[in-house]
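Visitor: Below: one structure in structure tokens.
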Amino acid sequence: MKAKGKGIKRRLVADKDTLRETPTRSKSELAKCLRPKERRNKESCKAAAERTKQSWSSKDRHVRRLESNERERQRMHKLNNAFQALREVIPHVRAENKLSKIETLTLAKNYIKSLTATILGMSNGHLQDIEVSGSGSRSKLYEHYQQQRGEEEHEGQLEKYSTQIHNFRQGS
DNA sequence: TAGGCCATCTGGTCCT
DNA sequence: AGGACCAGATGGCCTA
């Protein structure tokens, strides 16, 4: 796919002067209003939320928003780190072309499936006879594989994965 | 220039 | 109460 040189861009993080003054209200107040167990009528909830809102100075709201934004950024960074870690364990060829998120997930799924198929193939069908001692249950791997086969019976996983790798080689 | 991908902001909802 | 999670909106960067 594409190599992305996302260097400079990105809106300046929390530009305090330009942060929008959006109408905010107490999240917890609103949440209480909408939860099924809470049988409060909407009007009283609105009023309560409004009171909370008014009790916050605009500076308070601003600070809370900035803190919330920061937490969300950190959360997304952690998510992206996890994506990167996943990219690094999936064999693919064009290392200079970073996989997109959707490509990473799709490739990982097919890679796992192909590995599972390979393991089962190497075991030559013996896995299904393996009993976990004492439990009498069959191999979890085998059970899982059977379950997956039920959903996608005729797909050659290894072939599918190879095709996908090939497509990346082509720079699709 | 259009379309894909992404980071960030935001408000609603859920969870502890 | 407050943090985590989620999805929609927005706008920048890049490639074809």
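Cβ from N, Cα, C; glycine included.
According to TrEMBL:
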type     : residues  : note
COMPBIAS : A:1-11    : compositional bias 'Basic residues'
REGION   : A:1-60    : region 'Disordered'
COMPBIAS : A:12-53   : compositional bias 'Basic and acidic residues'
DOMAIN   : A:63-115  : domain 'BHLH'
REGION   : A:144-172 : region 'Disordered'
COMPBIAS : A:149-158 : compositional bias 'Basic and acidic residues'
COMPBIAS : A:160-172 : compositional bias 'Polar residues'
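I'm curious about the neighbourhood of these features; can you describe it?
Guide: Within the domain 'BHLH' (A:63-115), the DSSP-based counts of helix, strand and coil residues read 42 helix, 0 strand, 11 coil.
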Visitor: For the domain 'BHLH' (A:63-115), what's the model's average pLDDT?
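Guide: So the average pLDDT across the domain 'BHLH' (A:63-115) works out to 85.
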